[in-house]
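Asker: Pulled these from TrEMBL:
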DOMAIN    86-147  domain 'RapA2 cadherin-like'
DOMAIN    202-263  domain 'RapA2 cadherin-like'
Amino acid sequence: VKLSATDVDGLANVKSFTVGTPTNGTFYTDAAMTKPVTGAIDATNSEATLYFKPNTNFNGTANFTYTATDSGNADGTNPLTSAPANGTITVTAVNDAPEAVATTATGSEDPVQGIEVKLSATDVDGLANVKSFTVSEPTNGTFFTDAAMTKPVTGAIDATNGEATLYFKPNTNFNGTANFTYTATDSGNADGTNPLTSAPANGTITVTAVNDAPEAVATTATGSEDPVQGIEVKLSATDVDGLANVKSFTVSEPTNGTFFTDAAMTKPVTGAIDATNGEATLYFKPNTNFNGTANFTYTATDSGNADGTNPLTSAPA
């Protein structure tokens, strides 16, 4: 910023300038902006140079006033100061990078509709300047642009007023935390040049567990007619929530015989049979003198959710 003055007694008679505090910034005496202006600024041939540092992200007009003071008479007496002059500094805008904002989302395992995930960014140039988002591949699932989870994310996602919405489909039977990162990109300068991209922001999606039904496994057993001890029949089931979640089995009445819970065949099966690590053992007593094939079906039932609600039963095996 150039300061100058005229003086009918000669330019060499202009001794110094005094500047008012500028709007929207600060004056320095050096271009590196390390020495703020304090007091009068010496003039050389009626001129001086200052350096203006605009406030962070400011663009527009900054104003100030300044005066010039001379050396006075030959003996230095009676120095005179000018009326104030106006100064105007025009600060042109430059594109500032947006800032992507960390985000979180929560939803259930195996959802019918995708878990809604909000992306957002700030931009000192205005939210309308945020043009798009780019997301990394999430852990433990896939991003879609629609809640029905039919359109996987490919490429950049358009932003509206600094926001966009994606939908997360967790991998089958996954529960826990899924992570991703994303960036925001702006529209650049007014002519579209020099678009800037933010640093990555973190995204965290918490997928809560839901109870999955167990699956009873078809079983076979072999034994002799009229046995002294019951024919051992193994029941088993699988469960994606863990074998410990299999609580019990329920068996139909077998053809051509009877089920017991003990090998001595003294305790007929009544009601559900407790499971241990997804298994249980029954004992089959064929009808007297029967040989051939006896058939039955059975189901497995789990412990339900963590609070015991909503126990699920398998299809019959």
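Glycine residues also receive a Cβ, built from the backbone N, Cα and C atoms like all the rest.
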Asker: Go ahead and report the DSSP secondary structure tallies for the domain 'RapA2 cadherin-like' (86-147): helix first, then strand, then coil.
Answerer: 3 helix, 32 strand, 27 coil
Asker: Run through the domain 'RapA2 cadherin-like' (202-263) and tell me, per DSSP, how many residues are helix, strand and coil.
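Answerer: The counts are 3 helix, 27 strand, 32 coil.
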